[in-house]
Amino acid sequence: MVPTAHTKLSFSLSPLENPILDRLLPEHQRKVLDRLSTGLPLAVTANLISDEDYWKRCCTERWQACDISNYGDSWKQMFFERHLENILKCFIPNTTDPNQVLDLIPLCKDYVRKLEVDQFLPPVQMDQEERDDLSNTGSDFGFGEVSIHHYDLGVLITALPHLEELHLTYGVKDCGMNFEWNLFNFTHQDCCNLAVAVKMCHNLKVFKLTRSKVDDDKTRLLVRNLLDHPCLVELNLSHNLIRDKGAQAVGKLINHSRLQTLDLCNNQIHHLGAQALARALAENSTLTSLNLRLNCVEDKGGEAIGRALLTNTTLKSIHLGSNNLSEPTAMLFSQVLAQNTSLMNINFSCNHLGLDGGKQLLEGLADNKALTKFNLRLAEVGQETEYLIHQIVWANREEMRLGSLQHPPAKPI
Amino acid sequence: MVTNIQVAADLREMQRRAEEAELKLQRVEKLENEAKSSTYKFEEITSKWALAKEMTIPQELWQLLNQQQQQCALLLEEKNKLIGELQQELKNKDEQYVWAIKKQSDDIHLLLERMEEQIRFMLKNYRHELLQIEKAFELERRELLDNNRKKWEEAIQAHNAQELEYLHARMRKVEEFEKQLNQLRVQDEEEYNSMKIQLENDVQNLERQLQQMKAVYQLNQEKLEYNLQVLRKQDEENTIIRSQQKRKLNRLHSLLNNLRTKLANQEKQFREENHSLAADCERITGQCKEVQRRMRHFAISDAEKFTEVWLMNEEEAKGLMRKALDADHVIHTQQLGLPWEEPRYWFLNNVGPLGHYKVKRMATKLAAEVLTESSSGGQEEEGREKEEVGSGEGGKENTAKVGGRVTPLRNISKKTAKRILELISDESGFLIESKLLRSLQALGTHERTLMKLDSIFAALEIDSEDDLYQLVDFFLKYKAQDMAVSQSQGSPGAEDVMDLAEDREDGGSGAQRNKLKSPRSSLGSLPSVYFHADDVLKILKAFVRGFDKLREKDRSAKEVLQVRDSSKDEEYWEALAHVIPEPTLKLWDALVVALEEYYEILMQRASLLAEVALLQQQNSELCLLLEEYISSGVNSKLLSPPTKWMDLNLSCPGEAQWVPRARARLFPAPS
């Protein structure tokens, strides 16, 4: 067959210097793409081939589970993002060649929109044996500060113009019985590097830094760099060590950015931090979702937030689960439920609201038409109250559903 | 279901945290306590070390050291124990951690199970739903298919039937059309032939016409070309004309602007002129008034001059007349020797121009007259006579005129008039100045009334007697309107007229008039009684209102009255000229003739006398010569002297005696 021979010839000759793929007829192009090997160097294929099928083959060969919906429905994007993530996960500072990443930048910079790195390896210890010895006694100390810094993302992130999401976890996955505290050490230097990098990244919309031992100082450092960020919409600092001062810093950030979603779950925010957040919330008009799960806000903080919600009209979802809240907060929130018409989702699970608190909430909810989710599991409000509240919320949700069906009436098929 | 696990984990975590916090607190407390106690002990030990330095006895020192060692061991033991406890706790924690990991893995397993279960359930449900949907869809589809097939078949059948119908109809139509076609063909053939012939003719005609038309066309073309050229030229001309017109238009525009400015200027000028003319007009009216005033002045001066001239002429005339009369007298007495009587003529005594215009008396005078008249009739009469004498004793007519003037007032009667005037003077005292009133107190009643009236008239602007008459008339009329007594007043008025006519004839006889007045006054006094004092003011007001209008009319009337009546002048002068009557003149003529004759004779005598005188002189001369001759020696010598033979008696003195005598006879000496 002449075409195949021709294509083989053309391709085998000089794929690098003679990119004639675009000039082929569609059926020939198809044939060539179908026969291309997935093992070709990325330097050749990255900017030359835009065919989704080829990249699909690459992905499926490499990974078992491929959910394209997480990657903007693009196989090529998925391939490059996951490829980059893999490289970053396995990057060991001072050992791995930094050019491994830097070489990839020109190839993938047009396709990477999201980076989801859930592990950063610390630099390898010089003396493996010593490390083994120390591991028994808990080697929290004894390492030079310089040696334990993680990979500096600054170079990479600033070179990716389309980056919109950044999910980072400074820690080691699957360490098993090799667990050591210093595997999970997010140093100040790391934080500085990251903050500077994030500041430079103007298109960033979602920033998640979870399980990374981010404490107050680091939070403040990050917040200082994120102030007045042009695009940032979602900030997730869950599972960290943020205390009241960090929460105050985040509260300042709320009114100096376009944040819509804020997740601070599983931190150590007490009532002072919660009050700072509440003050910010009272003036804010962009935030729609706030998550304070697993903190120690307690009644003082809960009441402050409730008072803020009396004036706020944008917040739709709030999670105050596991916060040691009790009856006073419930009383205030019954007022909030009676007045506020924007709140749609409230979560009070795992608090000690008590039976009376539950009744108060039920009363407040009586005239509310906006609330569609109200989680009171394990909140000690009593089964009956929970059931009644559930009924009201279900009715609201049904109404909402019908309303949404009526308003944009389904087009006749 | 699925999130329950998370919630439960959260709760557990929270509890764990709470416990942890508690334990931590306890541990911290414990450690603190331990630290305190150990430091206390350590201090104790260290203090003993200081004591040991002071020890000098070895046993004691050894004992002490032993003690110290024991205590240190104790301390260490405690510490170790604590460490052991903590390590135990740590191990426990480790175990707990392991347990927690296990628990978490269990949880995760559970979670997975539940999720799988849910997924399975969902899948089942979805599959079931899908099946249901498919079934329903199939059913619907089948129904739709059936329906559509039925519709299709029906439509096909209907279509077939219709097609058949159409086919039949078409066949029929085709036949019909064929017939029609044949007919048409035949018809058309005939028509075609006729048409062909006609068209051929037409073609010929048209060819002819074409040629004609060509010729016409050429002609027309030429014409049109010519016209075109003409039009071009015209166009050029038009452009020229247009440009000219434009220029003209511009010029006219400029002209228009100029004219406008001129117009504005002229308007301004005219306005100024108008102003100046108005000023002129005023000036001229002023001048006119001046002229009128001057004219009036001239009239007055003319009148004066006239009277002067008149007087001069009259004097001259009278001198002449006197001379004539004297001459007549001389002629009569001396020449004719007749007795001479001086003639008596009315005009001889006239001095100044004839008084035809009315001399207006002042209203006050009249009032005074009226007042005095009624109060003392005799006095008034004397006054009147004096007046008459003043105006001229001999002038009958003059006096008659004066009488006529008084008549209107007389009409009303003295008493009435007096009554009215007194009323006025009493009631309208407010018109009199206060100073005057004070000064009036000293005077008598009669004089006071007069003075009052004087001032009242001044206030009411009543100057002449006419005005006064009008005032009194007005009073009476006013009264007459109130009371209908006009009849009784009418009859005495008529009588008065009659009386006056008599008066004129009577001349200056005042007694008769006095008699006549008495009945009149009795009649006239009747209405006067009825005037009420309160009415006077009203009447005066009405009078003053109407008076102004009347006065205006009067003015013009007075002007006319100023013109003199010169009809009598001629007569007067004629009479002056003919002061010597006709017979006397004739006598004078005859006398002149006779005297002329006499004069001639006298002249002859005079010439003769002169001749005589001449002859006498010659004679005397001759006598002298003779005497000379005689007396001369020659004579003596002469043989015979002439003296001897001549009579020398004749002498000159004898002649002189004769001449005066004749003259005395001829020319009587003037007396």
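Just so it is clear, glycine is given a Cβ too, placed from its N, Cα and C backbone atoms.
Automatic prediction, not curation, is the source of TrEMBL annotations.
Counting residues 6+ beyond its ends, the coiled coil (B:4-38) has Cβ neighbours under 8 Å at 75, 78-79, 82, 86, 89, 104, 107, 110-111, 114 in the same chain. Look at TrEMBL and you will find B:4-38 (among others) tagged as coiled coil.
Mean pLDDT across the coiled coil (B:65-96) comes to 90 in this model. Annotation comment: TrEMBL describes B:65-96 (among others) as coiled coil.
Annotation comment: TrEMBL describes B:123-276 (among others) as coiled coil.
Here TrEMBL flags B:381-399 as compositional bias 'Basic and acidic residues'.
Per TrEMBL, domain 'Dynein regulatory complex protein 1/2 N-terminal' is recorded for B:7-108.
Taken from TrEMBL, the feature domain 'Dynein regulatory complex protein 1 C-terminal' covers B:571-630.
Taken from TrEMBL, the feature region 'Disordered' applies to B:370-402 (among others).
Here TrEMBL flags B:503-522 (among others) as region 'Disordered'.
Taking Cβ pairs closer than 8 Å, the coiled coil (B:65-96) reaches residues 27, 31, 34, 37-38, 41-42, 44-45, 48-49, 52 in its own chain, all 6 or more past its ends. For the domain 'Dynein regulatory complex protein 1/2 N-terminal' (B:7-108), residue counts in helix, strand and coil come to 99 helix, 0 strand, 3 coil, using DSSP. Sorting the domain 'Dynein regulatory complex protein 1 C-terminal' (B:571-630) by DSSP state (H, G, I as helix; E, B as strand; all else coil) yields 56 helix, 0 strand, 4 coil.
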